[in-house]
Amino acid sequence: MSAVTTPARQATGGVNIKTINRIVIYGLLALFALFYLMPLFVMLVTSFKTMDEIQNGNMLALPKAPTFDPWLKAWGETCVGLTCAGIKGYFWNSIKMVVPAVLISTMLGALNGYVLTKWRFRGATLVFGLMLFACFIPFQSVLLPMATILGSVGRFGVTLQNSIGTNFGLGNSTVNLVFVHVVYGIGFTTLFFRNYYEAFPTELVKAAQVDGASFFQIFRRIMLPNSMPIFVVTVIYQFTNIWNDFLFASAYAGTGDAMPMTVALNNVVNTSTGVVEYNVNMAAAMIAALPTLLVYVLAGRYFVRGLMAGAVKG
Amino acid sequence: MSTVATSQIKLTPEHARPRASVRSRLQDALPKIVLAPSFAITIVFVYGFILWTIYLSFTNSKTFPSYVITGWRAYQRLWGWTFDTDPPSSWYTSITNMGIFGFLYILICLALGLFLAILLDQKIRGEGMLRPIYLYPMALSFIVTGVAWKWFLDPGLGLEQTLHQWGWTSFHFDWIKNKDFVIYTVVIAGVWQASGFIMAMFLAGLRGIDGEIMKAAQIDGATTFQLYRRIVIPLLRPIFLSAFIVLAHLAIKSYDLVVALTSGGPGGSAWLPSNFMYEYTFKRNEMAVGSASAVIMLMTIVAIIVPYLYSELREKPR
């Protein structure tokens with residue numbers, strides 16, 4: 001008897017509890033969505049307000065008379081340190097640094113991953129382990145020696161410049177940063193490609209070898225055409241990391257014209273001279289965030305996969 | 001058997017023609033030649049530089065590196081500062097902050113990440129929209145995060161001001177300018193940035209759990225709460241470990257967020273060891289002390305990462 005009534009009772013009482021449960025769950029999820037969106041929202045609306053409205057109005061209110069001026073000012077006029085030519089130059093600095101650094105580190109990672117999985121040799125795991133650990137070191141432990149080396153290379157560049165008229169890019173801050181990001185990026189790119197190629201059928205490589213294909217032919221004709229997803233993941237991961245880097249940028253290009261975007265943004269915001277123009281600051285922050293946000297919106301799936309691959313060895 | 005094998009080898013063209021042997025040996029070495037530059041770079045610029053930093057920490061380098069070993073002086077000074085609480089030394093502040101920040105950041109990110117993942121796993125309509133909203137902060141740089149939260153938490157313009165305008169005039173929130181509380185604002189911004197990613201990790205873990213186990217437990221009469229406490233969460237153990245490693249690693253390396261959000265806080269009260277290292281090495285001309293603090297940071301990471309990597313690399317023996 002009880003066996004029949006109990007499920008029935010549960011069903012009638014269950015409907016209400018279930019509805020309440022659903023409401024609570026959706027409510028909580030919406031609340032957290034607000035928490036995550038709030039700073040971006042505030043940043044965005046502030047960047048379209050006039051200073052007058054910021055000082056007298058509400059942070060969360062939409063701009064009454066939206067103006068694009070703060071964005072234009074941030075891009076072309078605002079002061080970074082003592083130069084007042086906007087952040088556009090620094091934006092391009094970041095691009096000039098990011099593109100080569102991403103391409104070089106990704107290509108090296110692909111080759112390394114290929115060797116480590118398809119041309120295994122004694123000690124391959126040790127080699128990989130050493131490269132992998134390099135991903136995790138706090139960069140503070142290499143910051144100073146690298147500064148010393150880059151300093152000497154810079155002085156050598158000046159000598160070359162004086163004697164033969166060209167320094168081959170030695171001592172150029174952007175070149176330095178590209179080098180630094182490649183050096184400390186190959187650990188991750190190798191990790192990504194190694195884990196991806198690990199699952200790639202070795203029989204295909206063996207078969208091509210038997211047919212007389214060389215090391216590079218196999219790489220170009222067999223591995224590369226099948227590596228699109230991991231290329232996207234790696235490029236996005238590297239792009240985000242290098243674009244967002246601040247430590248290396250401030251240590252090796254913290255002053256002067258080669259400053260990348262993150263350092264410039266920090267300088268804009270922490271400038272102590274004159275009235276602080278919050279709307280311009282927020283517009284500058286948005287400009288600094290746009291490239292990575294854009295990548296995230298366009299290829300979010302790959303972005304998450306990259307983060308996961310960096311977190312959990314596959 | 002072995003004779004047959006040898007004769008077969010002799011038949012292959014490379015071994016038949018001795019002139020090709022240099023080329024074939026080159027072919028054999030090619031993979032190693034390709035890997036060599038990357039490996040050499042790692043050895044020199046990672047391990048070599050680490051040794052260099054360790055060396056510097058045993059000298060009395062000030063503004064410029066000096067290469068005369070003077071012993072444990074830098075470490076002794078750090079050790080002395082560790083107990084220098086009145087007034088607190090910069091090092092004491094940094095490591096205390098590291099403890100507070102590391103503990104709260106990891107704990108809240110794990111709890112919030114798991115909580116959100118479980119909520120999202122309840123067959124939610126609109127999950128595809130919510131997930132990216134929770135996760136996007138991870139795509140931002142710490143500098144942008146810092147700038148945004150600095151504005152949001154500013155007592156004169158941000159949250160406090162807004163609530164005053166809405167009529168809650170007694171609301172008071174000036175942590176970002178208060179030397180005793182500024183580190184907690186770093187926790188808030190840090191959690192905001194990373195918790196979505198931890199959510200994604202847990203969600204991936206939850207989706208990987210065999211539905212049959214859940215069904216069986218439900219048939220046995222387990223409540224939802226019991227189901228999660230007794231079955232799901234224990235099954236997520238590897239995710240907890242990975243997430244912990246990621247967060248601990250992020251916490252120890254945190255530098256940019258403190259700079260952008262607090263500019264170091266009033267009197268350096270928001271410093272983490274990474275900020276301490278940077279300031280002492282590049283601004284206060286105490287290179288040896290800066291190097292010693294970098295070595296301590298490295299040792300902390302080694303203690304966390306090496307056992308983890310070792311077990312991960314050993315799991316799949318070849």
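Every residue gets a Cβ built from N, Cα and C, even glycine.
Residues or ranges marked as transmembrane segment by TrEMBL: A:23-45 (among others). Within the chain, the transmembrane segment (A:23-45) has long-range Cβ neighbours (under 8 A, six or more residues past its boundaries) at 59-63, 282, 285-286.
Residues annotated as domain 'ABC transmembrane type-1' in TrEMBL: A:91-299.
Per TrEMBL, the feature transmembrane segment maps to A:97-116 (among others).
Feature annotation from TrEMBL assigns transmembrane segment to A:128-154 (among others).
When Cβ-Cβ distances below 8 Å are used as the criterion, the transmembrane segment (A:174-197) is approached by residues 93, 96-97, 100-101, 104-106, 108-110, 112-114, 116-118, 128, 131-135, 139, 142, 146, 150, 153-154, 223, 227, 229-230, 233-234, 237-238, 241-242, 245, 248-249, 252-253, 258, 260, 306, 309-310, 313-314 of the same chain, each at least six residues removed from its ends. Marked as transmembrane segment by TrEMBL: A:174-197 (among others).
The transmembrane segment annotation in TrEMBL covers A:218-239 (among others).
Residues of the same chain lying 6 or more positions beyond the ends of the transmembrane segment (A:282-304) and with a Cβ under 8 Å from any Cβ of it are 43-44, 46-47, 70-71, 73-75, 78, 87, 91, 94, 229, 232-233, 236-237, 239-240, 243-244, 261-262, 264-265, 268-269. The transmembrane segment annotation in TrEMBL covers A:282-304 (among others).
Here the transmembrane segment (A:97-116) has Cβ contacts under 8 Å with residues 124, 127-128, 131, 174, 177-178, 181-182, 185-186, 188-197, 219, 223-224, 227, 231, 234-235, 238-239, 242-243, 260 of the same chain, all six or more residues outside its ends.
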